[in-house]
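Everything on this sheet refers to the single structure shown next.
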Amino acid sequence: MIVVEALSKQFGRFQAVDEISFEVQRGEVLGFLGPNGAGKSTTMKMLTCYLPPTSGNAEVNGFSINSQPLQVQEQIGYLPESAPSYNEMQVEEFLTFIGEVRGFSGTELRRKVGRVLELTSLQDARKQIIDTLSKGFRQRTCLAQSLIHDPPVLILDEPTDGLDPNQKHEVRELIRRMSEERTILISTHILEEVEAVCSRALIISEGRLVGLGTPDELLSQSIYRNAVTLSVSGKSAEALLEDLNGLEQVYSVERLEDMPSGALTVRVFPKDRESISSELEQFLKKKKMVIEQFFVERGRLDEVFRNLTLGN
Amino acid sequence: MKGLFPIFKRELLAYFRSPVAYVFIIIFLAANAGCTFMLGNFYDSNQASLEVSFLFHPWLYLFLIPAVGMRLWAEERRSGTGELLLTLPVRTSVSVFGKFLAGWAFIAVALILTFPMIITVHYLGFPDNGPIITGYLGSFLMAGAYLAITSFTSALTKNQVISFILSVNICLILVLLGWGVLSEILNTIFPVWLTDVISQFSFTTHFDAIRRGVVDLRDIVYFLSIIIFMLMTNVVVLESKKAS
C-alpha cells in the first residue's frame, strides 16, 4: 500500500510536483496520467527514493521514503522510464546481478531468475547480450528485473512503451494477473491502457492533481458520455434533426457524415449526460425509421484528459 | 555491506568486456617499459632495480588512471543505469566503494602484468626485492588515490571527457606540488617550512619514499586518506545531484 501526503518537488524555481496526495491500496492498479513534464516520473522517482522530496512524505507499506529509504526500496520493484540496463551483459546475467544485489543466492536466486524469465517470456533470449536486443526485449528485461524479488509494490514508469501490440497485450495481462496481491502504480500516455488495466486513474498536470477516480468516473465527465451515434434511413434529414432536437432529454444533435448507403448519421448528446438510449429507440420506432447503426458511447478519456490538463 | 560483491564483480567484468581495457593494458605496459628503458636509461644506471621504472608511474598514471575511472559514474548517469542502481536497496556508499574497488582491481591486474620487468632485473643481476615489493605497494596505493579522484570527478558529470579532463588537472596539481623544480620556485617566494607543507600534499613526495624502499606509515596513511576522502566526497556528490 502506498500513502502519499502533500508530496512536493522543486527543481530550482521550477515546481515539478506540487503537494500531491493520494493512496493506492493492495490489489489496486493505479494509472498515473498526465502530459509530458507533468511530474509523473518525478513522483515515481521520489517514491523509489531516487529523488528526495522538497517537502511532504510518502509511505510504502508503512515505511517512510524520508527516513527509511532502504526498507522502502526492499518493498518496491521499479521500472524506470527509459528501461535502463547494463548493455554489455546477457539478459540472464543481468537479472542474476540484480538478484544478487537484492541479497539472493544459490538455488533460490536461480529459481527467481527462471521465474521472471518465464513471466516476461524471455527464456529464448536469456543468453543474448542486452545491447543486441530490440527495444521491446530491453523493456521486458528491465521489467523482469523489477519483479525478481516478488515485490509487494510495483512502480512501473511507462511499462508498455516501445512494445508492439502483442507484447503490450502480454504485459497488460501480466500486470492484471499480478495485481491481485500487490500494489501497482503505472504511468502511461496510452489512454486505452487505463481502461484495460487500471482500477483507478489519477491525472496530473503541471505538478498538480487534477483528476482522480475509476476509469468510469472519469469517463462520466466526458461530453460524449451516453451520447448516441445513430444512422437511419427512411425520412428526409432536416425533419429528423428537428424532431430529435425537439425531444426533452436531448441537449444537442450533431450531423455526421452520411453512411455509404446514404443513411443519415447523427450524434445525439443527452442533457446532463444521462442515458437516453431507450427513449431514442422508442422514438425511432414510433417514427417507423430503419435503424442501420445505433451506438452508445461511454465517454472519451482523451477528451476528459485534454479538458483536465489544458485548463479551462 | 550487502550488494558490495555483486557490484564489484559486475563492474570488473564490464572493464574486461570493453576494448578500452585491453587498449589501456597494452598502452600501460608499453609506456612502462618505454619509460624505463628509454627515458630512464635503465642500462646506464647499472643497477638491478626497478627504481627507475617506478619513477615514471606518477606521470603514467596522470593520463591512464583518469581514462580507467572516467566511466565509473558518468556512464551510469548517461545510460540511466544509475537510477536503477541507486533505487536498489543498497547504500550509496556501498555502490561507490564497490565500483571503486573494481577499478582498483583492474589497475592491479595491469600492474601484475608488468612482471616481465621483475624477471628482467633478476636475469640481469641480484636485485634487492624489498624496494621492488614496496615499490609495487606504493604504486598500487597511489593508483588508488588517482582513481578515487577520478571516481569523484566522474560523479560530477555525465560526460566522460569532462570527467577525464577534470581529474587529469586535479591529479596534475597533486603531482606537481612535490616536483623538485616547482619546490625551488616556491622556495624563492615562500619560507621553506611552507613549501615543505605544500609538498606534503603531493603524490610525488609520498611515493618517492616508498619507491626507495622506505615504508613509512605516514605515506600509507596519506594515500589511504586521499582515497577515503575522495570516495566520501563522491557519495556526497551523488546524493546532492539527486537532490537538485
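Cβ coordinates come from backbone N, Cα and C, glycine included.
What TrEMBL says about this one:
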type	residues	note
TRANSMEM	B:20-43	transmembrane segment
TRANSMEM	B:55-74	transmembrane segment
TRANSMEM	B:101-124	transmembrane segment
TRANSMEM	B:130-149	transmembrane segment
TRANSMEM	B:161-182	transmembrane segment
TRANSMEM	B:220-238	transmembrane segment
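For the transmembrane segment (B:161-182), the residues of the chain that approach it from at least six positions outside its boundaries are 58-59, 61-63, 65-67, 69-70, 73-74, 145-146, 149-150, 152-154, 198-199, 201-206, 208, judged by C-beta separation under 8 angstroms. Among the listed stretches B:20-43, B:55-74, B:130-149, the one sharing the most Cβ pairs under 8 Å with the transmembrane segment (B:220-238) is B:130-149. Beyond the ends of the transmembrane segment (B:130-149), by six or more residues, the same chain brings 49-51, 53-54, 57-58, 61-62, 65-66, 68-69, 100, 103-104, 107-108, 111, 118, 121, 167, 170-171, 174, 203, 206-207, 210-215, 219-220, 223-224, 226-231, 234 to within a C-beta distance below 8 angstroms of the stretch.
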